[in-house]
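Engineer: Starting off with a structure, shown below.
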């Protein structure tokens, strides 16, 4: 079988740990029964020996597979990775969701996307990336009594993503240590009101509200100070027509949502100013993970 799992961008400004969307950039994994276990990696991370010796995808796959069938069969895993590692584009969630969905498929056990999403919550404690990796589209999610409740909005072809991908990573674990343990009430209200409007703007397709609604005062500034060029990325993107410009997850990539006809203009402006960074245009994904061949 082969599975493909999309990249994701989470938080989207004020939606800390609860809002995200899926991007049409995919990791693909082929899994076949074998007389011995083997792992091959192409693309992102192919020179990383750890991906072959201590592969998280394989570890989660076997956790779930053995739980389902009661034994450990042997498989050949072939990875073709396109999602950059440690760049805030959901590489970890792609691994988790892909491994779980693959395990159910190879075990011959049917599972709804809801089951896979809640299983993923065991390995990823917040749903902002895993929900769009499962469902695609824009997702707004909460965790209630240990279960994810999420709503999805499909996004049309009138929108594209211009992603700025720096040449160096940001650690999610480290970036969380930069955040305070408590916030002033006015800052909480600032983010709550904007996260609410941001969700409403996506679901109602009122794109003119995205710029104001995507502002944040709780996490982005502290994280972006690790890579100050990102402040200039936002300024240039908005100046050239981006609908919204936010840190992608915990960084280091920067997410810019644009009207399709503005994508090339925004890309060229950013590429001119940041020649050392990758600047890519992506479509949005509305499907989430897909078993593309069994």
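Placement of Cβ uses the backbone N, Cα and C atoms for every residue, glycine included.
Unlike curated records, TrEMBL annotations are generated automatically.
As listed in TrEMBL for this protein:
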type	residues	note
DOMAIN	65-137	domain 'GHMP kinase N-terminal'
BINDING	84, 85, 86, 87, 88, 89, 90, 91, 92, 93, 94	ATP binding site
DOMAIN	201-274	domain 'GHMP kinase C-terminal'
Engineer: Let me know how many other Cβ atoms fall within 10 Å of the Cβ of residue 84 (ATP binding site).
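Structural biologist: Result for residue 84 (ATP binding site): 23 neighbouring Cβ atoms inside 10 Å.
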Engineer: Validating a neighbour-count step here. Other CB atoms within 10 A of the CB of residue 86 (ATP binding site): how many?
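Structural biologist: For residue 86 (ATP binding site), the 10 Å Cβ neighbour count is 17.
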Engineer: Which whole number is the mean pLDDT over the domain 'GHMP kinase C-terminal' (201-274)?
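Structural biologist: Averaged over the domain 'GHMP kinase C-terminal' (201-274), the predicted model reaches a pLDDT of 97.
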Engineer: Suppose the ATP site is 84, 85, 86, 87, 88, 89, 90, 91, 92, 93, 94. Which further residues of the same chain have a Cβ inside 8 angstroms of that site's Cβ centroid?
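Structural biologist: The answer, listed by sequence position, is 7, 83, 249.
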Engineer: Using DSSP with the three-state reduction, classify residue 88 (ATP binding site) as helix, strand or coil.
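Structural biologist: Looking at the DSSP assignment, residue 88 (ATP binding site) belongs to neither helix nor strand, so coil.
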